[in-house]
Amino acid sequence: MSADFAAPRGIPDYFPPNSADFRRVRDTLTDAARLAGYGHIELPIFEDTALFARGVGESTDVVSKEMYTFADRGDRSVTLRPEGTAGVMRAVIQHGLDRGQLPVKLCYAGPFFRYEKPQTGRYRQLQQVGVEAIGVDDPALDAEVIAIADEGYRRLGLSGFRLEITSLGDNESRGPYREALQEFLFGLDLDEPTRKRAEINPLRVLDDKRPEVKAATAEAPLLIDFLSDEARTHFDLVLTNLKRLGVPYELNPRLVRGLDYYTKTTFEFVHDGLGAQSGIGGGGRYDGLMKQIGGKQDLSGIGFGLGVDRTMLAMEAEGVAHADVARCQVFGVPLGADAKAELVGVAGRLRAAGISVDLAYGDRGLKGAMKAADRSGARLALVLGDRELEERRIEVKDLSNGEQHALSLDGLIEEVARLLG
Ligand code: HAM
């Protein structure tokens, strides 16, 4: 019989044992950011639709095809956040964080929403850990951001990934490049929507996944050959700093990101064990975003978004996932109603002392309860019958070696703590 409800299509649930890895990925990646001085920011799950339209770019797939947009009860158009950078920038402007010490360094983790075609590694609710460093345009900062991601992945035990990097240049580089690229694209036999794209945002055409378009644009001019002197120097310094930090990279001048705000340094972490959805994280510098969404200043920023879901898949592919059930240190086995009442209190006191405890609920009898204790993976079983209770003692069994001791119920907490070492 099929159940009445299932999670919406493309929306994953995270439950034991794999949810342990979900937390590990999220915590390890955010810890790597904290080690470089990034403070936590918690942002709304939905925002004004115009923030994403203007920030991320109308011509991107993310905005034009994938947003979860709806009218709220006050008839305002709101959108479930498809990414984090625009919201961070909005918060920085709204709260005047850009008037304090620069760069503003922020880190976030949580769900994002894109109405994409679901498949392994591509979900409609996806989880990211992100950082943004806003207010200073220093190539050493770009390298820092990239090194945080690299370090985070390595701490998770991953090694089968590579960093692809390029520069998308500054305004000065982009004008001449845009002209050259459009001239090239208008010389091709493109369908009408693609031609329109070439007019509005020619770079997007290079992100087209259709094999025929890919083949036709294989010889397109590359932005990296049009970099201004300043953008060139900036990029060279990013690479020099990456070397200093021991972060290996591969130049990929064809790298195209799915969001419009990128300028200068742009990068992606790619894992080879994942098939089509191989991007485990990506980011870059964004020079015009603050102005674009109404900031009075025009400060540059740099950041990344790392995909938690795909990082988990990468760990599985490399055999470094540690799916694990939440184990308790102690498992209580009550034999009788009075014993259970007593053990409930003991469990509470043990937990207050920082010791994790589970109990055999549901009156299973000694055999069933001992089986549950063995399966629980706990170190110690506390077995209490009504007769022992009368004598104020309790059986403690070390499940790792079968040793058994009778202990006094009084002073039990200290004794259990001692046995656990
Ligand atoms: P993004 O490349 O769109 O960048 O997303 C970052 C990462 O999120 C991707 O590399 C991928 O691992 C994961 N991801 C994206 N879409 C999905 C999906 N449908 N299912 C599973 N995982 C997914 C951004 O979002 C930028 N805000 C990153 C950034 C921050 N740039 C500068 N600052």
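Glycine is treated like the rest: Cβ placed from N, Cα and C.
According to TrEMBL, the feature domain 'Aminoacyl-transfer RNA synthetases class-II family profile' maps to 25-334.
Per TrEMBL, the feature L-histidine binding site maps to E83, G84, T85, R114, Q128, E132, R257, Y261, Y262. In the three-state DSSP scheme, R257 (L-histidine binding site) falls into the coil class.
Less than 6 Å separates the Cβ from ligand 1 in the case of E83, T85, Q128, drawn from the binding-site residues E83, T85, Q128, Y262 in sequence order. Cβ neighbours within 10 Å of Y262 (L-histidine binding site), excluding its own Cβ and spanning all shown chains: 28.
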